[in-house]
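Trainee: Before I ask anything, here is the structure I am working with.
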Amino acid sequence: MLGSGFKAERLRVNLRLVINRLKLLEKKKTELAQKARKEIADYLAAGKDERARIRVEHIIREDYLVEAMEILELYCDLLLARFGLIQSMKELDSGLAESVSTLIWAAPRLQSEVAELKIVADQLCAKYSKEYGKLCRTNQIGTVNDRLMHKLSVEAPPKILVERYLIEIAKNYNVPYEPDSVVMAEAPPGVETDLIDVGFTDDVKKGGPGRGGSGGFTAPVGGPDGTVPMPMPMPMPSANTPFSYPLPKGPSDFNGLPMGTYQAFPNIHPPQIPATPPSYESVDDINADKNISSAQIVGPGPKPEASAKLPSRPADNYDNFVLPELPSVPDTLPTASAGASTSASEDIDFDDLSRRFEELKKKT
């Protein structure tokens, strides 16, 4: 089945180009659809309901095309993520069968929008044979995505979907609109009439995969009334039962003792701890012991020779300290010595007297 014209690097490059081209087209078509909705609101305000219905069919067709491009973008991304399988395996991997067949089926229908998609389909046919490509284009192989085939079909959208689009557009732009009662009466029971169906209603009701086909998110399966059952709460541990590790269940060891047990030593006893703490002497008891004679004291006393050699220290009594008496200041002048002149005895040097008086005070 290995084709002769397959080039792995060319397939890789064109897959990336297809992804970029699809993103640009999705953004462009979404913006154009938003502008077209304003035009439809103007038709409804002017009372041109039939004209508005025709324009809504164009918008639905563009929305379908955008959703189909999103599916193809996801498939191209999947092939790039698993490109190693494409290179290493000669046969087609079962996880890539839907992606490969869907890209080959969509290539002739979208090659006018995305030219690189045809190159991708040709490389896949060269890898897995032209016969496989023919089976994919006619969906005889049965692995083409059903949602993508529905989005790219040429059938007209259902009337109930057109009415829902008109109701939603009128509500967004505050335009009065009365939906067709005959069409609304044909709506299937159990489906909300004000919900816009963009192709995901059946998938959600069936609990199938989300946007992007296989590998998407799977919705939880609900009950017959559409409700989703609540999960069972986790069991909470009892507050009264303490946690403990289970004992190991292994062979006996260590002289027949099972694992996880402890045996005390038979000849070793723990020390006895007294019930009350020991008593200590108080300060009063210490002072009372000072009056006990030295004969009652147990133990060697100090040697008398050592105590005799100790110098006696005078008692420090600063309160009874008495200063020595100072001599009184003389009131009379000293007598003049013999041979001194009368003028000398009359001249008294008071500075000399003060100096000598200060010296006497210092000596005493």
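Cβ coordinates are placed from backbone N, Cα and C, and glycine is handled just like the others.
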Trainee: What range among 45-56, 153-164, 321-332 does Swiss-Prot describe as motif 'Type-2 MIT-interacting motif'?
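Mentor: Result: 321-332 is the stretch Swiss-Prot calls motif 'Type-2 MIT-interacting motif'.
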Trainee: Which residue, chosen from Tyr43, Tyr64, Tyr165, is annotated phosphotyrosine in Swiss-Prot?
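Mentor: The candidate carrying the phosphotyrosine note in Swiss-Prot is Tyr43.
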Trainee: Per Swiss-Prot, which of 219-229, 274-284, 296-306, 351-361 is motif 'MIT-interacting motif'?
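Mentor: In Swiss-Prot, the motif 'MIT-interacting motif' feature sits at 351-361.
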Trainee: Going by DSSP, is Tyr43 (phosphotyrosine) part of a helix, a strand, or coil?
Mentor: helix
Trainee: Restricting attention to the motif 'Type-2 MIT-interacting motif' (321-332), give the mean pLDDT.
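Mentor: Here the predicted model's pLDDT, averaged over the motif 'Type-2 MIT-interacting motif' (321-332), is 69.
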Trainee: Tell me the Cβ contacts of Tyr43 (phosphotyrosine) under 8 Å, same chain only and six or more apart in sequence, or just say none.
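Mentor: Listed in sequence order, they are Asp49, Arg51, Ala52, Arg55.
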